[in-house]
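A.B. asks: The structure under discussion is supplied below as C-alpha coordinates; questions concerning it will follow.
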Amino acid sequence: MKKLFGTDGVRGVANVYPMTTEMAMQLGRAAAYIFKSSSKRRHRIVIGKDTRLSGYMLENAMVAGICSMGVDVLLVGPLPTPGIANITSSMRADAGVVISASHNPFQDNGIKFFSADGFKLPDQIELKIEKLIESNKIDSLRPTASEVGKAFRIDDAAGRYIVFLKNTFPTEMDLSGMKIVLDCANGAAYRVAPAVFEELGAEVICLGVSPNGTNINADCGSLYPQVISEAVKKHRADIGIALDGDADRVIVCDEFGHEVDGDHIMAICATDMLRRKLLKKKTLVTTVMSNMGLDIAMRAAGGKIVKTAVGDRYVVEEMRKGGYNLGGEQSGHMIFLDSNTTGDGILSALQLLAVMRRTEKPLSELSEVMIALPQVLVNTRVREKKDITTIPEIAARIRDVEEKLGNEGRVLIRYSGTEPLLRVMLEGKDTYEITAWANEIIDLVRKHLGEKQ
(Lines of atoms letter the chains of each structure in order from A and count residues from 1; the text may use other names and numbers.)
(Lines give C-alpha, C1' and ligand atoms only; values in the text may rest on other atoms or scores of the structure.)
Protein backbone atom coordinates (compact mmCIF):
# COMPACT_ATOMS: atom_id res chain seq x y z
CA MET A 1 0.00 0.00 0.00
CA LYS A 2 1.49 3.31 -1.11
CA LYS A 3 1.65 6.07 1.52
CA LEU A 4 3.58 8.87 -0.17
CA PHE A 5 2.25 8.61 -3.72
CA GLY A 6 -1.34 9.47 -4.58
CA THR A 7 -3.02 9.13 -7.97
CA ASP A 8 -0.72 11.80 -9.43
CA GLY A 9 2.59 11.57 -7.61
CA VAL A 10 3.44 13.07 -4.21
CA ARG A 11 1.48 16.21 -3.43
CA GLY A 12 0.87 18.58 -0.52
CA VAL A 13 1.47 22.05 0.90
CA ALA A 14 4.97 23.19 -0.05
CA ASN A 15 7.49 23.08 2.82
CA VAL A 16 5.14 20.88 4.87
CA TYR A 17 5.58 17.08 4.96
CA PRO A 18 5.65 15.34 2.55
CA MET A 19 6.38 18.28 0.27
CA THR A 20 9.62 19.30 2.00
CA THR A 21 13.11 19.77 0.57
CA GLU A 22 14.28 16.84 2.70
CA MET A 23 11.68 14.55 1.13
CA ALA A 24 12.43 15.92 -2.35
CA MET A 25 16.09 15.03 -1.88
CA GLN A 26 15.17 11.53 -0.66
CA LEU A 27 12.83 11.03 -3.61
CA GLY A 28 15.64 12.13 -5.93
CA ARG A 29 18.12 9.69 -4.38
CA ALA A 30 15.68 6.76 -4.41
CA ALA A 31 14.53 7.42 -7.98
CA ALA A 32 18.11 7.77 -9.21
CA TYR A 33 19.00 4.43 -7.61
CA ILE A 34 16.05 2.66 -9.26
CA PHE A 35 16.54 4.17 -12.71
CA LYS A 36 20.25 3.32 -12.82
CA SER A 37 20.79 0.08 -14.69
CA SER A 38 23.86 -2.14 -14.67
CA SER A 39 25.32 -0.49 -17.77
CA LYS A 40 28.41 1.70 -17.41
CA ARG A 41 27.03 4.70 -19.32
CA ARG A 42 26.13 7.95 -17.58
CA HIS A 43 22.48 8.11 -16.56
CA ARG A 44 20.29 11.18 -16.99
CA ILE A 45 17.02 12.37 -15.47
CA VAL A 46 15.02 15.31 -16.84
CA ILE A 47 13.55 17.78 -14.34
CA GLY A 48 10.89 20.35 -15.25
CA LYS A 49 8.43 22.41 -13.25
CA ASP A 50 5.57 24.89 -13.39
CA THR A 51 5.73 28.51 -12.19
CA ARG A 52 5.15 28.09 -8.42
CA LEU A 53 7.45 29.95 -6.04
CA SER A 54 8.25 26.71 -4.20
CA GLY A 55 9.44 25.10 -7.42
CA TYR A 56 12.92 26.56 -6.99
CA MET A 57 13.64 24.96 -3.61
CA LEU A 58 12.15 21.59 -4.55
CA GLU A 59 14.00 21.56 -7.87
CA ASN A 60 17.34 22.24 -6.15
CA ALA A 61 16.67 19.53 -3.57
CA MET A 62 15.80 17.01 -6.29
CA VAL A 63 18.95 17.93 -8.24
CA ALA A 64 21.09 17.45 -5.13
CA GLY A 65 19.53 14.06 -4.40
CA ILE A 66 19.86 12.75 -7.95
CA CYS A 67 23.42 14.00 -8.46
CA SER A 68 24.48 12.53 -5.10
CA MET A 69 23.63 9.10 -6.53
CA GLY A 70 25.86 9.59 -9.55
CA VAL A 71 23.13 10.47 -12.04
CA ASP A 72 23.15 13.60 -14.23
CA VAL A 73 20.22 16.03 -14.40
CA LEU A 74 18.81 17.81 -17.46
CA LEU A 75 16.98 20.98 -16.37
CA VAL A 76 14.25 22.26 -18.71
CA GLY A 77 12.74 24.96 -16.46
CA PRO A 78 9.04 25.85 -16.61
CA LEU A 79 7.44 23.52 -19.17
CA PRO A 80 4.04 21.79 -19.43
CA THR A 81 3.90 18.33 -17.89
CA PRO A 82 3.36 16.64 -21.30
CA GLY A 83 6.34 18.59 -22.64
CA ILE A 84 8.54 17.11 -19.92
CA ALA A 85 7.27 13.63 -20.80
CA ASN A 86 8.05 14.30 -24.46
CA ILE A 87 11.56 15.65 -23.76
CA THR A 88 12.28 12.67 -21.49
CA SER A 89 11.60 10.16 -24.26
CA SER A 90 13.05 12.21 -27.13
CA MET A 91 16.35 12.84 -25.29
CA ARG A 92 16.58 9.14 -24.30
CA ALA A 93 16.75 10.04 -20.61
CA ASP A 94 16.26 7.37 -17.96
CA ALA A 95 13.33 9.19 -16.35
CA GLY A 96 11.56 12.53 -16.07
CA VAL A 97 10.48 14.51 -13.01
CA VAL A 98 7.67 17.07 -12.93
CA ILE A 99 7.49 19.51 -10.02
CA SER A 100 3.91 20.75 -10.11
CA ALA A 101 0.57 20.55 -8.31
CA SER A 102 -1.35 20.95 -11.58
CA HIS A 103 -4.63 22.84 -10.97
CA ASN A 104 -4.07 23.30 -7.20
CA PRO A 105 -3.35 26.75 -5.67
CA PHE A 106 0.23 28.05 -5.53
CA GLN A 107 0.72 27.05 -1.88
CA ASP A 108 0.67 23.39 -2.94
CA ASN A 109 3.26 21.55 -4.96
CA GLY A 110 3.91 18.02 -6.12
CA ILE A 111 6.49 15.65 -7.55
CA LYS A 112 5.69 12.99 -10.13
CA PHE A 113 7.83 10.78 -12.34
CA PHE A 114 7.82 9.60 -15.93
CA SER A 115 9.69 6.51 -17.07
CA ALA A 116 12.08 6.56 -20.03
CA ASP A 117 9.25 6.04 -22.53
CA GLY A 118 7.38 9.14 -21.30
CA PHE A 119 4.60 7.28 -19.48
CA LYS A 120 3.74 7.81 -15.82
CA LEU A 121 5.34 5.33 -13.45
CA PRO A 122 3.35 2.19 -12.65
CA ASP A 123 2.23 1.73 -9.05
CA GLN A 124 4.82 -0.97 -8.37
CA ILE A 125 7.76 1.35 -9.20
CA GLU A 126 6.32 4.12 -7.00
CA LEU A 127 6.03 1.55 -4.21
CA LYS A 128 9.68 0.58 -4.72
CA ILE A 129 10.71 4.23 -4.32
CA GLU A 130 8.68 4.50 -1.10
CA LYS A 131 10.19 1.32 0.33
CA LEU A 132 13.72 2.50 -0.44
CA ILE A 133 13.08 5.75 1.42
CA GLU A 134 11.55 3.93 4.41
CA SER A 135 14.32 1.31 4.63
CA ASN A 136 17.28 3.75 4.59
CA LYS A 137 18.92 1.05 2.44
CA ILE A 138 20.68 3.52 0.15
CA ASP A 139 21.85 6.01 2.81
CA SER A 140 25.36 4.57 2.70
CA LEU A 141 25.60 4.69 -1.10
CA ARG A 142 27.66 7.80 -1.78
CA PRO A 143 29.54 7.99 -5.11
CA THR A 144 32.65 10.18 -4.90
CA ALA A 145 35.11 12.00 -7.15
CA SER A 146 34.14 11.83 -10.83
CA GLU A 147 31.28 9.45 -10.05
CA VAL A 148 28.92 12.15 -8.72
CA GLY A 149 26.35 13.56 -11.11
CA LYS A 150 26.15 17.03 -12.63
CA ALA A 151 23.31 19.25 -13.83
CA PHE A 152 22.89 20.72 -17.33
CA ARG A 153 20.34 23.28 -18.47
CA ILE A 154 18.58 22.44 -21.76
CA ASP A 155 18.03 25.89 -23.23
CA ASP A 156 16.03 24.78 -26.28
CA ALA A 157 13.55 22.51 -24.44
CA ALA A 158 10.60 24.86 -25.01
CA GLY A 159 11.51 25.21 -28.69
CA ARG A 160 11.71 21.43 -29.13
CA TYR A 161 8.26 21.03 -27.59
CA ILE A 162 6.76 23.80 -29.74
CA VAL A 163 8.03 22.06 -32.89
CA PHE A 164 6.63 18.73 -31.67
CA LEU A 165 3.19 20.25 -31.05
CA LYS A 166 3.05 21.98 -34.43
CA ASN A 167 3.93 18.69 -36.11
CA THR A 168 0.80 17.07 -34.62
CA PHE A 169 -1.38 19.54 -36.57
CA PRO A 170 -2.25 18.48 -40.15
CA THR A 171 0.39 19.86 -42.52
CA GLU A 172 -2.21 20.84 -45.14
CA MET A 173 -3.90 23.20 -42.65
CA ASP A 174 -3.10 26.29 -40.65
CA LEU A 175 -5.03 28.58 -38.29
CA SER A 176 -4.98 31.75 -40.37
CA GLY A 177 -8.14 33.79 -40.02
CA MET A 178 -8.97 32.31 -36.62
CA LYS A 179 -9.19 34.42 -33.49
CA ILE A 180 -8.36 32.52 -30.29
CA VAL A 181 -8.63 33.61 -26.66
CA LEU A 182 -5.97 31.69 -24.71
CA ASP A 183 -5.72 31.49 -20.90
CA CYS A 184 -2.49 29.90 -19.69
CA ALA A 185 -3.37 30.10 -15.95
CA ASN A 186 -0.09 31.93 -15.24
CA GLY A 187 1.36 28.45 -15.41
CA ALA A 188 3.85 26.28 -17.24
CA ALA A 189 2.45 26.97 -20.74
CA TYR A 190 2.72 30.77 -20.55
CA ARG A 191 5.43 30.91 -23.24
CA VAL A 192 4.88 27.70 -25.19
CA ALA A 193 1.12 27.84 -25.88
CA PRO A 194 0.94 31.36 -27.38
CA ALA A 195 3.88 30.54 -29.66
CA VAL A 196 2.23 27.35 -30.98
CA PHE A 197 -1.07 28.97 -31.97
CA GLU A 198 0.56 32.16 -33.30
CA GLU A 199 3.11 30.25 -35.41
CA LEU A 200 0.23 28.28 -36.96
CA GLY A 201 -1.30 31.58 -38.07
CA ALA A 202 -3.97 32.38 -35.49
CA GLU A 203 -4.64 35.76 -33.93
CA VAL A 204 -4.19 35.07 -30.21
CA ILE A 205 -5.54 37.13 -27.31
CA CYS A 206 -3.45 35.98 -24.34
CA LEU A 207 -4.55 35.84 -20.69
CA GLY A 208 -2.73 34.36 -17.71
CA VAL A 209 0.74 34.77 -19.20
CA SER A 210 2.36 36.84 -16.42
CA PRO A 211 3.39 34.35 -13.72
CA ASN A 212 4.91 35.76 -10.54
CA GLY A 213 5.20 32.58 -8.48
CA THR A 214 1.98 33.10 -6.53
CA ASN A 215 -0.69 33.69 -9.20
CA ILE A 216 -0.77 30.27 -10.87
CA ASN A 217 -4.41 29.09 -11.21
CA ALA A 218 -5.54 32.22 -9.31
CA ASP A 219 -8.94 33.16 -10.80
CA CYS A 220 -7.73 31.98 -14.20
CA GLY A 221 -7.19 28.86 -16.29
CA SER A 222 -9.34 25.77 -16.79
CA LEU A 223 -10.97 26.02 -13.34
CA TYR A 224 -12.38 29.46 -14.26
CA PRO A 225 -13.90 29.03 -17.75
CA GLN A 226 -16.00 32.17 -17.22
CA VAL A 227 -12.81 34.20 -17.83
CA ILE A 228 -12.38 32.95 -21.41
CA SER A 229 -16.14 33.02 -21.91
CA GLU A 230 -16.31 36.76 -21.26
CA ALA A 231 -13.16 37.41 -23.31
CA VAL A 232 -14.50 35.43 -26.29
CA LYS A 233 -17.68 37.50 -26.32
CA LYS A 234 -15.74 40.75 -25.88
CA HIS A 235 -13.25 40.03 -28.69
CA ARG A 236 -15.71 38.09 -30.89
CA ALA A 237 -13.30 35.18 -31.02
CA ASP A 238 -13.87 31.80 -32.67
CA ILE A 239 -12.87 29.81 -29.59
CA GLY A 240 -11.59 30.21 -26.04
CA ILE A 241 -8.93 27.83 -24.73
CA ALA A 242 -8.17 27.53 -21.00
CA LEU A 243 -5.27 25.44 -19.70
CA ASP A 244 -4.46 24.56 -16.10
CA GLY A 245 -1.22 25.22 -14.21
CA ASP A 246 0.78 22.41 -15.82
CA ALA A 247 -1.18 22.40 -19.11
CA ASP A 248 -2.08 18.72 -19.04
CA ARG A 249 -5.78 19.56 -19.32
CA VAL A 250 -7.91 21.96 -21.35
CA ILE A 251 -11.42 23.39 -21.21
CA VAL A 252 -12.74 25.44 -24.14
CA CYS A 253 -15.71 27.63 -24.94
CA ASP A 254 -17.44 28.19 -28.26
CA GLU A 255 -17.90 31.43 -30.20
CA PHE A 256 -20.89 32.34 -28.01
CA GLY A 257 -18.93 31.86 -24.78
CA HIS A 258 -20.61 28.55 -23.87
CA GLU A 259 -18.34 26.11 -22.03
CA VAL A 260 -17.32 22.93 -23.86
CA ASP A 261 -15.94 20.40 -21.36
CA GLY A 262 -13.74 17.35 -21.81
CA ASP A 263 -16.68 15.05 -22.54
CA HIS A 264 -17.84 17.23 -25.44
CA ILE A 265 -14.29 17.62 -26.79
CA MET A 266 -13.86 13.83 -26.71
CA ALA A 267 -17.22 13.35 -28.43
CA ILE A 268 -16.22 15.76 -31.22
CA CYS A 269 -12.75 14.26 -31.73
CA ALA A 270 -13.84 10.61 -31.34
CA THR A 271 -16.72 10.87 -33.82
CA ASP A 272 -14.40 12.68 -36.28
CA MET A 273 -11.85 9.87 -35.92
CA LEU A 274 -14.63 7.29 -36.38
CA ARG A 275 -15.67 8.94 -39.65
CA ARG A 276 -12.08 8.87 -40.87
CA LYS A 277 -11.59 5.27 -39.64
CA LEU A 278 -8.78 6.36 -37.29
CA LEU A 279 -10.33 5.44 -33.92
CA LYS A 280 -8.77 2.11 -32.97
CA LYS A 281 -11.33 -0.62 -32.24
CA LYS A 282 -13.98 2.13 -32.57
CA THR A 283 -13.47 2.70 -28.85
CA LEU A 284 -13.12 5.75 -26.62
CA VAL A 285 -11.71 5.28 -23.10
CA THR A 286 -13.25 7.48 -20.39
CA THR A 287 -13.72 7.41 -16.62
CA VAL A 288 -16.78 6.77 -14.50
CA MET A 289 -17.15 10.57 -14.12
CA SER A 290 -17.99 11.08 -17.81
CA ASN A 291 -21.57 12.08 -18.60
CA MET A 292 -23.97 9.39 -19.85
CA GLY A 293 -24.61 11.66 -22.83
CA LEU A 294 -21.14 10.73 -24.10
CA ASP A 295 -22.10 7.03 -24.11
CA ILE A 296 -25.23 7.86 -26.10
CA ALA A 297 -23.28 9.99 -28.63
CA MET A 298 -20.67 7.28 -29.19
CA ARG A 299 -23.29 4.56 -29.69
CA ALA A 300 -25.15 6.76 -32.18
CA ALA A 301 -21.91 7.23 -34.16
CA GLY A 302 -21.19 3.49 -34.24
CA GLY A 303 -18.55 3.49 -31.52
CA LYS A 304 -18.31 2.29 -27.95
CA ILE A 305 -16.89 3.36 -24.61
CA VAL A 306 -14.66 1.61 -22.07
CA LYS A 307 -14.70 3.15 -18.57
CA THR A 308 -11.97 3.25 -15.92
CA ALA A 309 -11.46 4.60 -12.41
CA VAL A 310 -10.92 8.36 -12.14
CA GLY A 311 -7.40 9.53 -13.03
CA ASP A 312 -5.69 9.97 -16.38
CA ARG A 313 -3.07 7.35 -15.41
CA TYR A 314 -5.83 4.71 -15.32
CA VAL A 315 -7.16 5.89 -18.68
CA VAL A 316 -3.68 5.54 -20.19
CA GLU A 317 -3.18 2.09 -18.63
CA GLU A 318 -6.46 0.87 -20.16
CA MET A 319 -5.55 2.40 -23.54
CA ARG A 320 -2.19 0.65 -23.61
CA LYS A 321 -3.65 -2.64 -22.42
CA GLY A 322 -6.55 -2.61 -24.89
CA GLY A 323 -4.77 -1.08 -27.88
CA TYR A 324 -6.91 2.10 -27.97
CA ASN A 325 -5.70 5.51 -29.16
CA LEU A 326 -8.10 8.08 -27.66
CA GLY A 327 -9.18 8.57 -24.07
CA GLY A 328 -9.71 11.18 -21.43
CA GLU A 329 -11.68 12.73 -18.62
CA GLN A 330 -14.55 15.19 -18.30
CA SER A 331 -12.13 17.52 -16.49
CA GLY A 332 -10.21 18.07 -19.73
CA HIS A 333 -7.40 15.52 -19.54
CA MET A 334 -7.26 13.97 -23.01
CA ILE A 335 -4.76 11.47 -24.32
CA PHE A 336 -4.15 11.18 -28.07
CA LEU A 337 -1.89 8.16 -27.79
CA ASP A 338 -0.83 8.28 -31.45
CA SER A 339 0.91 11.58 -30.63
CA ASN A 340 1.79 11.73 -26.92
CA THR A 341 2.04 9.54 -23.83
CA THR A 342 0.03 11.62 -21.36
CA GLY A 343 -2.71 14.25 -21.14
CA ASP A 344 -1.76 17.32 -23.18
CA GLY A 345 -3.95 20.43 -23.13
CA ILE A 346 -2.30 22.21 -26.06
CA LEU A 347 -2.23 19.10 -28.24
CA SER A 348 -5.90 18.40 -27.44
CA ALA A 349 -6.85 21.95 -28.41
CA LEU A 350 -4.96 21.54 -31.69
CA GLN A 351 -6.86 18.34 -32.51
CA LEU A 352 -10.16 20.12 -31.82
CA LEU A 353 -9.13 23.05 -34.02
CA ALA A 354 -8.23 20.57 -36.77
CA VAL A 355 -11.79 19.18 -36.67
CA MET A 356 -13.15 22.74 -36.91
CA ARG A 357 -10.93 23.38 -39.93
CA ARG A 358 -11.66 20.02 -41.55
CA THR A 359 -15.44 20.34 -41.25
CA GLU A 360 -15.59 24.13 -41.66
CA LYS A 361 -18.07 24.19 -38.78
CA PRO A 362 -18.08 26.46 -35.71
CA LEU A 363 -17.53 24.86 -32.32
CA SER A 364 -21.13 25.50 -31.24
CA GLU A 365 -22.38 23.31 -34.09
CA LEU A 366 -19.79 20.57 -33.50
CA SER A 367 -20.75 20.45 -29.81
CA GLU A 368 -24.27 19.33 -30.73
CA VAL A 369 -22.90 15.82 -31.35
CA MET A 370 -23.44 15.23 -27.62
CA ILE A 371 -26.34 16.23 -25.39
CA ALA A 372 -25.29 16.04 -21.75
CA LEU A 373 -27.67 14.71 -19.14
CA PRO A 374 -28.08 17.13 -16.22
CA GLN A 375 -25.22 16.44 -13.82
CA VAL A 376 -24.55 17.75 -10.31
CA LEU A 377 -21.18 17.46 -8.57
CA VAL A 378 -20.82 18.43 -4.90
CA ASN A 379 -17.57 18.22 -2.89
CA THR A 380 -16.92 18.29 0.84
CA ARG A 381 -13.74 18.12 2.90
CA VAL A 382 -13.42 15.04 5.12
CA ARG A 383 -11.30 14.17 8.13
CA GLU A 384 -10.83 10.54 7.00
CA LYS A 385 -11.47 8.50 3.85
CA LYS A 386 -13.76 5.82 5.26
CA ASP A 387 -15.66 3.32 3.11
CA ILE A 388 -19.06 4.97 2.63
CA THR A 389 -20.85 1.61 2.40
CA THR A 390 -19.91 0.91 6.04
CA ILE A 391 -21.93 3.92 7.27
CA PRO A 392 -25.55 2.64 7.31
CA GLU A 393 -27.32 6.02 7.21
CA ILE A 394 -25.39 7.18 4.12
CA ALA A 395 -25.54 3.80 2.34
CA ALA A 396 -29.32 3.61 2.83
CA ARG A 397 -29.87 7.11 1.41
CA ILE A 398 -27.73 6.31 -1.65
CA ARG A 399 -29.74 3.12 -2.32
CA ASP A 400 -32.97 5.10 -2.00
CA VAL A 401 -31.80 7.70 -4.55
CA GLU A 402 -30.56 5.00 -6.96
CA GLU A 403 -33.98 3.33 -6.86
CA LYS A 404 -35.68 6.63 -7.67
CA LEU A 405 -33.31 7.29 -10.61
CA GLY A 406 -33.71 3.78 -12.06
CA ASN A 407 -32.13 3.50 -15.53
CA GLU A 408 -32.38 7.24 -16.20
CA GLY A 409 -29.50 8.38 -14.01
CA ARG A 410 -26.83 7.33 -11.55
CA VAL A 411 -25.06 8.14 -8.28
CA LEU A 412 -21.27 8.14 -8.05
CA ILE A 413 -19.43 8.64 -4.75
CA ARG A 414 -15.64 8.82 -4.69
CA TYR A 415 -12.73 10.28 -2.76
CA SER A 416 -10.19 12.58 -4.40
CA GLY A 417 -6.84 10.91 -4.94
CA THR A 418 -4.92 14.13 -4.23
CA GLU A 419 -6.94 16.05 -1.59
CA PRO A 420 -9.02 15.27 1.56
CA LEU A 421 -12.25 15.56 -0.42
CA LEU A 422 -15.28 13.38 -1.07
CA ARG A 423 -17.16 13.96 -4.32
CA VAL A 424 -20.85 13.18 -4.81
CA MET A 425 -21.99 13.14 -8.45
CA LEU A 426 -25.57 12.61 -9.62
CA GLU A 427 -26.96 12.41 -13.16
CA GLY A 428 -30.62 12.40 -14.11
CA LYS A 429 -33.29 14.11 -16.18
CA ASP A 430 -34.43 16.62 -13.53
CA THR A 431 -31.78 19.10 -12.37
CA TYR A 432 -33.83 20.25 -9.37
CA GLU A 433 -34.32 16.69 -8.08
CA ILE A 434 -30.72 15.53 -8.46
CA THR A 435 -29.39 18.74 -6.85
CA ALA A 436 -31.61 18.18 -3.82
CA TRP A 437 -30.57 14.52 -3.54
CA ALA A 438 -26.86 15.35 -3.92
CA ASN A 439 -27.10 17.91 -1.12
CA GLU A 440 -28.93 15.43 1.12
CA ILE A 441 -26.14 12.88 0.64
CA ILE A 442 -23.38 15.46 1.18
CA ASP A 443 -25.06 16.66 4.40
CA LEU A 444 -24.96 13.10 5.73
CA VAL A 445 -21.28 12.81 4.74
CA ARG A 446 -20.50 16.03 6.63
CA LYS A 447 -22.39 14.70 9.65
CA HIS A 448 -20.35 11.48 9.78
CA LEU A 449 -16.99 12.39 8.19
CA GLY A 450 -16.77 16.19 7.98
CA GLU A 451 -13.74 18.08 9.24
CA LYS A 452 -14.13 19.05 12.89
CA GLN A 453 -14.47 22.80 13.36
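Yeah, the Cβs are placed from backbone N, Cα and C, and that goes for glycine too.
From Swiss-Prot, for reference:
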- S102, D244, D246, D248: Mg(2+) binding site (BINDING)
- S102: phosphoserine (MOD_RES)
- S102: active site, phosphoserine intermediate (ACT_SITE)
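Could you place the listed features in the three-dimensional structure?
C.D. replies: DSSP gives D246 (Mg(2+) binding site) a coil state; it is part of no helix or strand.
A sphere of 10 angstroms centred on the C-beta of S102 (Mg(2+) binding site) encloses 29 other C-beta atoms.
Secondary structure at S102 (Mg(2+) binding site), as computed by DSSP, is coil.
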A.B. asks: Write out, in the order they occur in the sequence, the residues of the chain not among S102, D244, D246, D248 that have a C-beta within 8 Å of the mean position of the C-beta atoms of the recorded Mg(2+) site.
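C.D. replies: Here the non-site neighbours turn out to be D50, P80, T81, S100, H103, G187, A188, L243, G245, A247, R249, G343, G345.
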A.B. asks: Taking the Cβ of each of the binding-site residues and counting other Cβ atoms inside 10 Å, which one has the highest number: D244, D246, D248?
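C.D. replies: It comes out as D246.
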